[in-house]
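Feature list (source: TrEMBL):
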ACT_SITE  D148  active site, proton acceptor
BINDING   K32, K51, E152, N153, D166  ATP binding site
COMPBIAS  294-306  compositional bias 'Low complexity'
DOMAIN    22-275  domain 'Protein kinase'
REGION    287-325  region 'Disordered'
Amino acid sequence: MATKGKKKKSSKEEQTWKLSDFEIGRPLGSGKFGRVYLARTKEGEYMVALKVLFKEQLIKYRMENQLVREIEISINIGRHPHIVEFYNYFDDHDRIYLMLEYCFYGELFRVLQDSPGGRFPENQAATYVKQVANALDFLHSRGIIHRDIKPENILVDHGGNLKVSDFGWSVHVHGGDRRETMCGTLDYLAPEIVANEDYGYDVDNWCVGVLCYEMIKGYPPFEHDSQKETRRRITALFYKFNNRFSDGARDLISKLLRKKHRRLSLVAVQEHPWVVANYTDPASFVPKEDRASAETPPAAASSMEEQPSSQLNDYTMDVESSVGK
């Protein structure tokens with residue numbers, strides 16, 4: 001499905017995807033450049049997350065190149081159990097549509113916020129750290145730096161597994177190339193980015209440390225009302241642990257939130273004693289009422305084989321008025 005807007009026909013004839021090929025359901029999220037909807041293909045009834053981006057907004061904020069990069073990277077990543085699958089894309093006069101894997105529980109940010117105290121127990125944090133590190137290690141092996149790992153850019157599927165998403169700030173690098181572009185989200189920026197120094201893959205490793213801290217404590221380690229103070233804390237590596245952190249969690253985080261070239265590798269993160277000891281079947285994090293369905297996952301996404309479609313039935317509405325201009 002790498003060809004723009006093409007879908008396979010049984011007759012081996014290709015036909016372009018268009019909005020009328022879908023029934024549009026409930027909104028899954030929104031942002032500055034568009035919205036995401038639960039959608040079902042009319043032919044085959046496959047469930048997808050349809051990301052709708054408005055061309056006018058992309059042009060206004062000069063984000064066209066970023067979108068092109070996101071699509072190119074998404075198409076060429078290859079399949080991985082902890083990366084959101086990109087099925088296809090198409091466009092019309094006003095909008096660009098990205099067909100993505102649907103993840104039942106949505107953003108990790110929301111799941112974290114809805115957890116008791118806005119925090120995860122250490123076994124859940126350790127499990128998710130391993131899955132994110134595994135996904136990033138896969139990306140790095142393909143020459144890709146994500147550059148914007150944060151709870152809002154990680155999704156949770158029906159089985160409780162994490163899926164890294166949103167490659168808008170991602171970049172291809174070659175060999176030992178370093179980057180200089182300032183990008184990402186302040187609370188998750190590595191000190192070398194804040195200091196306008198060149199950087200490489202290890203900025204993603206830093207983000208794993210920030211993510212681990214936030215999942216256990218409920219907010220990022222360098223967070224402050226003042227952006228200037230946040231930057232100071234990041235460059236000074238100033239953060240504190242409280243009694244919620246076990247010795248193992250402290251050890252892992254402190255080996256990631258340090259100067260570049262001294263950070264733990266992503267392989268070492270996955271093999272860290274705290275991660276190994278606390279790794280738990282992700283299905284155990286799914287609400288009890290949903291665990292039966294978690295044991296029978298949707299079929300492989302690359303072929304968009306039949307997936308449960310009951311989630312859309314109660315929300316189906318007029319396509320054009322739902323997506324809007």
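Backbone N, Cα and C define each Cβ position, glycine as well.
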If you average the pLDDT over the domain 'Protein kinase' (22-275), what number do you get?
-> 95
Which residue among the recorded positions D148, E152, D166 has the fewest other Cβ atoms within 10 Å of its Cβ, if you could check?
-> E152
Which whole number of Å gives the largest C-alpha distance between any two of K32, K51, E152, N153, D166, the residues noted as binding ATP?
-> 15
Binding-site residues compared (K32, K51) - highest count of Cβ atoms within 10 Å | K51
Take the Cβ of N153 (ATP binding site) and count every other Cβ within 10 Å, whichever protein chain it belongs to.
-> 21
Taking the centroid of the Cβ atoms of K32, K51, E152, N153, D166 as the ATP site, which other residues of that chain lie with their Cβ within 8 Å of it, listed in sequence order?
-> G29, G31, S165, G168
D166 (ATP binding site) and D148 (active site, proton acceptor), distance between Cα atoms, whole Å | 8
